[in-house]
Amino acid sequence: MDLRATSSNDSNATSGYSDTAAVDWDEGENATGSGSLPDPELSYQIITSLFLGALILCSIFGNSCVVAAIALERSLQNVANYLIGSLAVTDLMVSVLVLPMAALYQVLNKWTLGQDICDLFIALDVLCCTSSILHLCAIALDRYWAITDPIDYVNKRTPRRAAVLISVTWLIGFSISIPPMLGWRSAEDRANPDACIISQDPGYTIYSTFGAFYIPLILMLVLYGRIFKAARFRIRKTVKKTEKAKASDMCLTLSPAVFHKRANGDAVSAEWKRGYKFKPSSPCANGAVRHGEEMESLEIIEVNSNSKTHLPLPNTPQSSSHENINEKTTGTRRKIALARERKTVKTLGIIMGTFIFCWLPFFIVALVLPFCAENCYMPEWLGAVINWLGYSNSLLNPIIYAYFNKDFQSAFKKILRCKFHRH
């Protein structure tokens, strides 16, 4: 999103955004006595062209692979991946429709395509970048519903619902990109024919920055925060259930014996006895008994004889080996749960960290600069870095949302090896 602002300190459209440190063209021509560029300027243009060209090509290639993978691999054709595919299409539009003109503007450090193309460029820039950001919100919202209401959302998670979310992102994008073309801009925006800048009207600045970034940012932080809490709760709950199930399943198979309570101390009848109070938690199948917390040992007297068989229970000293095994299993299970929590934190951290890293500097400058253009100064090279940092999010999105997915990785390998068979 190419938001630029003019400053009284620099009449050549010093921007907060993609204007770079440039050598004055007239001075360059006078210094050489010809129309040739001075060496530093030529070197800058070559290096910048190569770097930005590589960024654009990588972004086109990466997002194209995501779209192709979803289109060709049936296993990837689900609602969650439809949103990722739509994000890839949006970022592909940024890479094809916006970035080439932005790169030309960056390299030449002046706008050479006329005012009408400038208006179209700004509108496409704001539309596509805003839609890309809002797609991230749609993906976060879909994941939030899926993890907090998994049973009911299975039926609600339909292609139609995905289409509604995608349509909303584009409608909001249009509502932010169109107003400047309808007159919501200041007179100074077109004062310099060599500059192509977004509307610097204060009202539009607040409207566009909050609609395109700050509100989506808050929404994503809330959603991913709740997703993390829900995921952590589910992981820990699963571990507790598994441990409880393991403990309750520790039964003693006693099918050969029959239990009879002692009847008036009759030593001939079959009996079971214990040294302490016995509290079995619940009976097991096939004549087995689950041990209780106070259970020490179980003495079995066969029905047809007086021979006794003593079976140690899990919490007796004789069964310490069973306890050790159980403790090791529990410890391993908890380590796995902790690893899953860390992976969840890492994944959410990468998603939010990349988004904030790419766009927050841009929108801070976009919001502040129009209100203090006469008093604020920012080096042109820094404005260029901030501008292209935002654009680079279109390159990083397919890496974060698709390339880390094993199913996508498999599809990408098939595409690259040209051994793809739809199945």
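A Cβ is built for glycine as well, from the same backbone N, Cα and C atoms used for every other residue.
Annotation source Swiss-Prot lists serotonin binding site at Asp125, Cys129, citing similarity to another entry. Look at Asp125 (serotonin binding site): DSSP puts it in a helix.
Feature annotation from Swiss-Prot assigns compositional bias 'Polar residues' to 316-329.
In the three-state DSSP classification, Cys118 (disulfide bond) falls within a helix. Taking Cβ-Cβ distances under 8 Å and a sequence gap of 6 or more within the same chain, the neighbours of Cys118 (disulfide bond) are Trp111, Cys196. Annotation source Swiss-Prot lists disulfide bond at Cys118-Cys196.
For Asn9 (among others), the entry in Swiss-Prot reads N-linked glycosylation site.
According to Swiss-Prot, the N-linked glycosylation site annotation covers Asn12 (among others), on the basis of sequence analysis.
Residues annotated as N-linked glycosylation site in Swiss-Prot: Asn30 (among others).
Residues annotated as region 'Disordered' in Swiss-Prot: 311-332.
Distant neighbours of the motif 'NPxxY motif' (397-401): 62-63, 65-66, 84, 87-88, 91, 132, 136, 139, 350-351, 354; these residues of the same chain sit at least 6 beyond its ends, with a Cβ under 8 Å from one of its Cβ atoms. According to Swiss-Prot, the motif 'NPxxY motif' annotation covers 397-401, on the basis of similarity to another entry.
What Swiss-Prot lists as topological domain 'Extracellular' is 1-47 (among others), and the listing cites similarity to another entry.
Annotation source Swiss-Prot lists topological domain 'Extracellular' at 108-116 (among others), citing similarity to another entry.
For the topological domain 'Extracellular' (184-202), the number of residues in each DSSP class (helix H, G, I; strand E, B; coil) is 5 helix, 0 strand, 14 coil. Annotated topological domain 'Extracellular' per Swiss-Prot: 184-202 (among others), in sequence order, evidence recorded as similarity to another entry.
Sequence annotations record features per position, and here Swiss-Prot assigns topological domain 'Extracellular' to 372-379 (among others).
Panel annotation: around the transmembrane segment (48-68), residues 20, 84-85, 88-89, 91-92, 94-96, 99-100, 103, 106-107, 388, 391-392, 394-395, 397-399, 401-403, 408, 412, 415 of the same chain, lying at least six beyond its termini, place a Cβ under 8 Å from a Cβ of the stretch. The annotation transmembrane segment is assigned in Swiss-Prot to 48-68 (among others) on the grounds of similarity to another entry.
Residues annotated as transmembrane segment in Swiss-Prot, with similarity to another entry given as evidence: 83-107 (among others).
Taken from Swiss-Prot, the feature transmembrane segment applies to 117-141 (among others).
Long-range neighbours of the transmembrane segment (162-183) within the same chain, counting only residues 6 or more positions beyond its ends whose Cβ lies under 8 Å from a Cβ of the stretch, are 79, 82-83, 86, 90, 119, 122-128, 130-131, 134-135, 137-138, 141-142, 189, 198-199, 201, 204, 207-208, 211-212. Here Swiss-Prot flags 162-183 (among others) as transmembrane segment.
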> Sequence gap of 6 or more, Cβ distance under 8 Å, 3 or more pairs: do the transmembrane segment (380-404) and the transmembrane segment (117-141) meet that?
Replying inline: yes
>> I need to check the long-range neighbours of the transmembrane segment (117-141): which residues 6 or more away from its ends have a CB within less than 8 Å of a CB in the stretch?
In response: 1-2, 80, 83-84, 86-87, 90-91, 93-94, 97-98, 101-102, 111, 165-166, 168-170, 172-174, 176-178, 180-181, 196-198, 208, 211-213, 216, 219-220, 223-224, 227, 351, 355, 359, 390-391, 393-394, 397, 401
